Amino acid sequence: MEPLCNASEPPLRPEARSSGNGDLQFLGWNVPPDQIQYIPEHWLTQLEPPASMHYMLGVFYIFLFCASTVGNGMVIWIFSTSKSLRTPSNMFVLNLAVFDLIMCLKAPIFIYNSFHRGFALGNTWCQIFASIGSYSGIGAGMTNAAIGYDRYNVITKPMNRNMTFTKAVIMNIIIWLYCTPWVVLPLTQFWDRFVPEGYLTSCSFDYLSDNFDTRLFVGTIFFFSFVCPTLMILYYYSQIVGHVFSHEKALREQAKKMNVESLRSNVDKSKETAEIRIAKAAITICFLFFVSWTPYGVMSLIGAFGDKSLLTPGATMIPACTCKLVACIDPFVYAISHPRYRLELQKRCPWLGVNEKSGEISSAQSTTTQEQQQTTAA
């Protein structure tokens, strides 16, 4: 008779070891008995995916880890050391890059689990993985809202720039404090808990337990970590778009009355171009946040309030991947759209082939000086 497990391998959970068809196994087949208790029963009834799926996701996360580390590392390096970029507004960009970098720091846990086909690192590393994900995900969303607020003030109220370094730092601290309860509560199991999900290679808050507390937690965290920042982002950028269109319309009408082609001077055009490019970068990043986190939010709502049978391991890994992908893309959006960042990137890394004309952002440079003088005075 064949033994249930090899002496050199962890003991298998007998009821999860095989589906009865000989070749098929359930998720959790290679999890030690003392770790099974941490896995929601929903996943233990799902079939184990092919090993190739684990390996493919592991390779994909290696790519994300490398791209995000390099991209966000460069953003943090350049924004924190460049005098022209050291402005109160860019404190939010720096904070977003820090959250995105933190997001990618949990990738090695996922990669290790993937190449070991499951819950290999156990519950302790699962708690670390989920804590990092909660901090970075919620923090990125609220920072995007703060960026929207700042862009809203800069573009719609150009004569009332009241953002100072002190205010920016305080807002960033508030963002970190805002994230803390959503990490501490499930981490201490005071309200909900962190558990494995999908292929058991990643972890998040429990959205599958069929009880009132879990449903209340899912609904609450969905509102405060996704709905609130999304509504703020939509409001600020809708105001920006409305202001830009109405401003352009007013200028065209006035120019028509005066029989001139345009009322803008070259300096005004340059300044407007720089501001609009920065706004476009911010809008793009906020759009990416919405697109990448919406699937995960919908998935958690289905788990708590809907038909759990829809949540197959493969289906849940897609939202888990999309919300990590945005942390990789954010820095490259700035590399494409942020004029002063592109100029610094061109100076420090000429081999990247970035082509940014300093004349196009001269007004932005003077704006930076003005902001710094206002900050010093404050």
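Each residue, glycine too, has its Cβ placed from N, Cα and C.
Predicted, not measured: the structure shown is a model, and the values here were computed from it.
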Using the annotation in Swiss-Prot, determine whether Leu85 and Leu345 are placed on a common side of the membrane.
yes
According to Swiss-Prot, which residue out of Asn6, Asn162 bears the annotation N-linked glycosylation site?
Asn6
Among Cys5, Cys203, Cys228, Cys286, which cysteine is annotated in Swiss-Prot as forming a disulphide with Cys126?
Cys203
I'd like the Cβ neighbour count for Lys324 (N6-(retinylidene)lysine), meaning other Cβ atoms within 10 Å of its Cβ, all protein chains included.
25
